[in-house]
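Here is what Swiss-Prot says about this protein:
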type: SIGNAL; residues: 1-28; note: signal peptide
type: MOD_RES; residues: 29; note: pyrrolidone carboxylic acid
type: DISULFID; residues: 65-91; note: disulfide bond
type: DISULFID; residues: 89-123; note: disulfide bond
type: CARBOHYD; residues: 105; note: N-linked glycosylation site
């Protein structure tokens, strides 16, 4: 019976190792970073055919850089002198801000879309990652025309 008690008794080293492993797992679980963070600025109401600016700020909490393509998708056609698609390198220390100027004469729903893509000659030394989990992010806003 004494031998069984000796086998199942936890030594201080075993308890300490278990504590360190548990703390390591807890720290790893809390260390989740958001891939893409979108912030859009658009007035909620405008008058018909008024020039409107949509501002999109894109950030990441990942340590690696990514090549992104940002564009708009709308429920109705938009008119205006703007570039529909932007491509750039997004890094944690360098958030990107994109602007679109457009006009509309009716209420419209606009989706700002950011795709993470594989493209060369965008990020420095072509050092960029493409996440496995998801590569398309979007934010939907409504613009009411009076």
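Every residue, even glycine, has its Cβ placed from backbone N, Cα and C.
On the structure: features taken from Swiss-Prot.
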residue : record                      : CB count, 10 Å
65      : disulfide bond              : 21
89      : disulfide bond              : 17
91      : disulfide bond              : 19
105     : N-linked glycosylation site : 12
123     : disulfide bond              : 19
How big is the Cα-to-Cα gap, in Å, between residue 123 (disulfide bond) and residue 65 (disulfide bond)?
7
Reduced DSSP assignment, residue 91 (disulfide bond):
strand
Nearest by CA distance to residue 105 (N-linked glycosylation site): which of the disulfide-bonded residues is it, out of 65, 89, 91?
89
